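Feature annotations, courtesy of TrEMBL:
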- 20-45: transmembrane segment (TRANSMEM)
- 57-80: transmembrane segment (TRANSMEM)
- 86-105: transmembrane segment (TRANSMEM)
- 126-146: transmembrane segment (TRANSMEM)
- 166-188: transmembrane segment (TRANSMEM)
- 200-222: transmembrane segment (TRANSMEM)
Amino acid sequence: MSWTAARSFPTVGLVLTTPALLAVASGLALGLGLIVAIGAQNAFVLRQGLRVEHVSAVVAVCAASDIALIAAGVLGAGAALSQVPWLIPVVCFAGAAFLLCYGLLAARRALRPGALLPDAAGARTGMAVTVGTALALTWLNPHVYLDTVVLLGSMASTYDEHRWQFAAGAALGSVLWFTGLGYGARLLRPVFARPTAWRVLDGGIAVVMTALAISLAVRGAAGA
């Protein structure tokens, strides 16, 4: 930190330069591009937001997990991951089993209108189960390692001394997305005041989860 002659306040040596700003913007764009998609994690965050149930915890878990994975990628975990070829197929099968179970539960909810509304007896889920589900949907998804760790980590390495600014941009994208999805979902609550809307949502979630489970199983069988 130094004092300038023309000003009465200090200048900080960590001021973002144009290359650093470009790195942040690139990280933000790529991070959002990878995360803004219909998937298991986003479907879960959306549903919790609509139910207004443990939203802060779910958003925090998903965002913090993404930030940890992004940091791991920048630190070189992607390169290390490529040296353990058997790990991704194992994660694929574990993720497929979990997603299939979650999809079956969603299908069950869609076929049982009485259990759809968040105010229905026994419909609310405890904090521990909710957080555990969010963690499982995040860390048992091999695409998280391939996209967030390997791809983002590789892209960050191309920015040399600005790789952490790139990572900061990607992390910002995750925080903005999960916060907007989790807390913005409640704006759709008037639509989901009808049981039919919940049946459609859970039916869609069941289809997505089952399709993802099948794709992961196929990928695991092929050796990822």
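Each residue, glycine too, has its Cβ placed from N, Cα and C.
Unlike curated entries, TrEMBL annotations are predicted automatically.
Counting residues 6+ beyond its ends, the transmembrane segment (20-45) has Cβ neighbours under 8 Å at 58-59, 62, 66, 70, 99, 102, 133-134, 137-138, 141, 143, 147-148, 151-152, 155-156, 159, 162-163, 165-174, 176-178, 181-182, 185, 204-205, 208-209, 212 in the same chain. Within the chain carrying the transmembrane segment (126-146), a Cβ under 8 angstroms from the stretch's Cβ atoms is held by residues 39-41, 44-45, 48, 53-54, 57-58, 61-62, 65-66, 69, 81, 88, 91-92, 94-95, 98-99, 102, 216, 219, 224, all 6 or more beyond its ends. Sequence-distant residue pairs (6 or more apart) of the transmembrane segment (200-222) and the transmembrane segment (86-105) include at least 3 whose Cβ atoms are under 8 Å, placing the two stretches in contact.
Under 8 Å from some Cβ of the transmembrane segment (57-80) lie the Cβ atoms of residues 31, 35, 41, 44-45, 48-49, 127, 130-131, 134-135, 138-139, 144-145, 148-154, 156-157, 163-164, 166-167, 170-171, 174-175, 178-179, 182-183, all in the same chain and six or more residues away from its ends.
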